[in-house]
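K.L.:
One structure, pasted below without further comment.
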Amino acid sequence: MEASSVLPCKWCTHLQGLLLTASFLTCCHLPTTAQITIELEPPQVIEGENVLIRVNNLTENLITLAWFRGMRIKSPQIGQYTPATKVTVLGPGHSGRETLYSNGSLQIYNVTQEDIGFYSLRIINKHAEIVSITSIYLNVYSSLWTCEHPSPHAKLTIESVPPGISEGGSVLLLVKNLPQNLLSLFWYKGVIAVKKFEIARHIKATNSSVPGPAHTGRETVFSNGSLLLQEVMQSDTGFYTLRTMSTDLKDEVAHVQLYMDTYLLTCYHPLQVKIESLPQNVAVGKTVLLLVHNLPEDFQAFFWYKSAYRRDTYKIAEYKRAMDATILGSAYSSREFIYNNGSMLIIDVTEDDAGYFLLEILREDLKIEKAYIQLHVNSFVSNSKDSASTARLSIESVPPSIVEGGSVLLLVHNLPKNLQSLFWYKGMIAEKKSELIQHIIATSSSLPGPAHSGRETVYNNGSLLLQRVMQNDTQFYTLQTMDTDLKYEVAHVQLQLDTSLSTWYHPLQVKIESLPRNVAVGKSVLFLVHNFPEVFRAFSWYKPAYKSHTSKIVEYHRFTDSATVGAAYRGIEVIFTNGSMVMIDVTEDDAGFYMLEILREDFKVEKAYVQLHVNSFVPNSKVSVSTARLSIESVPPSIVGGESVLLLVHNLPKNLQSLFWYKGVIAEEKSELIQHIIATSSSLPGPAHSGRETVYSNGSLLLQRVMQNDTGFYTLLTMSTDLKDEIAHVQLQLDTSTCCSLLTSDQLIIVPVPRNIAVGKSVLLLVCNVPKDVQTIFWYKSVYRTDIFKIAEYSRSMESTIWGLAHSGKEMVYTNGSLLIQNVTEHDAGLYMLEILHKDYKLERAHVQVHVNNPVSWPFVRVTDTTVRVQSSVVFTCFSADPGVSIRWLFNKQSLQLTERMTLSPSKCQLSIDPVWREDAGKYQCEVSNPVSSKSSLPVRLAVIEE
């Protein structure tokens, strides 16, 4: 870092709090004929090093120069030097580690954290007047970690290499920061270090290993403490414990968890910035929220564009974090509202708002991250001139799906103006036994009904609040209104639990999914049945959702494998033996509720409901078929890592000449996956082709063995014989709701989601394979069952939670046994134990380790010389205050491509180039990262000159 220019003194104290790395300021209080400057050598200082505060441009006629610790008049003096007499006088601020030189420079030896602060040089003339005051700020890096010299206080850790392993492969449990005075070490299978679980022990003095009772013959211990496990099997997954003993008989313990890689692929991908459209389909005139998930904490600014391209003409707004200010762009329509979490609200949506939006994020390290969202806008077709007066009663679930134990608001829209009373019912049928509550408008009073559980509250606007939601609350809810002229109106809403948390562990209920969720007139819809019982006698479909002869569509008998159509059958329905039903050429009359009734083998009846939403199709020409737009469907909608997905193309142009598939939303050559020529029925792979993509003659793209980096948008570009282009997009998503289902054993296991947590974030300790006969669940912040470590105790029969001594107020227990920890701190890291008490009073235990990381701080780079000759050598060193970071070197802002002349130290913190060539000239940086963040150093420029 070069010396800064002279600044007015009033800025010195303001800038002090902004100096985050070893840095300095100079500040001249008084005018002087020669500008005195001071600089640090080296610019960045680490604990234990020496630093020289060099003085430049000293005048010859000075009488005395004095160094002070601070910037105030009464700051303690370190010492003063008089050139005429060559006498140095030490002051009260001298610590015994400072030396004053005749050129005015100050040397500080063996710097510590206590040396951080301002240092001031005062020049005094023969009249005992202060001619100038020059100040500099010294910051000292912690010595917790320096290049290739780990701190003696560094904690023992273990890393799984690779993080996940395929069955039959090998994995190295790599040990870091072994104690220097190591006597012996022991490896155990599990979290408790007891003899019966001992895999092997290693004696340092003799460099020998002895197998233990849990040794399978596939484990090898190395002299650095690491454990190699070969021919890995499913039963090898779980925790491993390392215990070390030093020569002073001190013990240290570390744990690591071994996962199968197919599991990690789906459940532990890095958090990407994603945008969610709420609602997914918005009507003209309504409001939509483009909700941003996983916005990075270290962003400088973000930009919204009404396009998939970054152009000023498409810019809606720019938000600058430092100023907390929003700058509006050319595409701003005055209907957009920007939030500092990156989200954008659009009100009074029009058809012109449909299409792609781009969110661009500028991070602290000047890296750019992009995310895209497609907004779907549906035209509202009114049957009258006064659409407001004919607005239908409707209900919205806020949020759309709810975590068990949370609250949900069933928000009512378009209540009649002359409302007299309203009634809420649980289920599809408005009958007295299922009445939750009734509300009288005139008296603003509510009366609970037979189905009221004490958790329901109705508001004056008709909305219903349901608190502490349970599994049996999930179903349809019915609202019936009565106005003053005694007219009735009915609306329904379906309450759904968030299946990413709580619904995995309850008996699987039959559910029906509408594909698509909103269907246009003339299109087809599939009512896809989930969790259909394997053993059943018959099933029947009804429209509307009441069991009567007039409403029956069809009845299927398994024994005879035959179907009997009912009075409501229209000839457009096709049923399948798994209970699902397809309807073709849908009309507006098909909208509404449908009921599936299943007669089980034990003659029990099970019912499921689905609501069909039909959108009017307004063609722009008399021949609407010819204007059908190119579209793509992901089959299935979301995919588990390692499986295959088909991007199914609809409505290809008839005069198609060729088509091109791209990875991303922009059709550019570098992102081209494959092109297909219709005339020759041949395909050519593009630069982005991975060998896993196959294109079919109907334009569809098959992607096999899907990985995390395959997620995102895909673009199809078609070219017809008249050279017209058409473009369609589709988004591929990984299904993370199958984390537990990926486990091949039925053993009780806990999964931390996410695997690595940043300080201040939340982590879910997700429990898999919870037995059905659970009586009580206990959580402990320890591997031992002790009251002082107890977080919570949950009784399933009483549906109540008793908090323990270790409860911090940040934990939440779900009925499926999972534990949510919010606002995580470093103290939350470590091992947790789940203990389950069965109804037969047997105990079952499972453990999980929580890894908590602080965001990394800024690193810096030192170089042996910034100007070197060709054929000489140079060494760059990366310094970071953070332990356990990964290091990557950058050259001219690109990842450094190592040559045979370049050597990295074991931890990659040192880069040596020998010999140096002319092409090595440029800017060098190091990037440090941990599982939750990364930062890059300021660039150091290397100049290369000829001999």
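Count begins at 1; order follows the chain as displayed.
Glycine is no exception: its Cβ is also placed from the backbone N, Cα and C atoms.
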K.L.:
Pick from Cys768, Cys926: which cysteine does Swiss-Prot list as forming a disulfide with Cys878?
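P.N.:
In Swiss-Prot, Cys878 forms its disulfide bond with Cys926.
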K.L.:
According to DSSP, how is the domain 'Ig-like V-type 5' (509-615) divided among helix, strand and coil residues?
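P.N.:
Its residues fall into 3 helix, 57 strand, 47 coil.
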K.L.:
Taking the domain 'Ig-like V-type 3' (270-378) as the reference, which of 35-132, 392-498, 642-733, 746-851, 859-943 gives the largest number of Cβ pairs under 8 angstroms?
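P.N.:
Between the candidates 35-132, 392-498, 642-733, 746-851, 859-943, the best contact partner of the domain 'Ig-like V-type 3' (270-378) is 642-733.
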K.L.:
Go through the recorded positions Asn207, Asn461, Asn578, Asn816, Cys878, Cys926 and tell me which ones have a CA within 10 A of the CA of Asn110 (N-linked glycosylation site).
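P.N.:
Of Asn207, Asn461, Asn578, Asn816, Cys878, Cys926, within range: none.
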K.L.:
Are the domain 'Ig-like V-type 7' (746-851) and the domain 'Ig-like V-type 2' (166-259) close enough that 3 or more Cβ pairs fall under 8 Å, when only pairs 6 or more apart in sequence count?
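P.N.:
The answer is yes, given that the two segments have at least 3 Cβ pairs within the 8 Å cut-off.
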K.L.:
Relative to the Cα of Asn461 (N-linked glycosylation site), which of the recorded positions Asn57, Asn224, Asn698, Asn709, Cys926 has the closest Cα?
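P.N.:
Closest by Cα distance to Asn461 (N-linked glycosylation site) among the recorded positions Asn57, Asn224, Asn698, Asn709, Cys926: Asn709.
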K.L.:
Sorry to bug you, but what's the C-alpha spacing from Asn709 (N-linked glycosylation site) to Cys926 (disulfide bond), rounded to the closest Å?
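P.N.:
With the alpha carbons as reference points, the distance is 24 Å.
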K.L.:
Tell me whether Cys878 (disulfide bond) sits in a helix, a strand or coil according to DSSP.
P.N.:
strand
K.L.:
Tell me the coarse DSSP state (helix, strand, coil) of Cys926 (disulfide bond).
P.N.:
strand
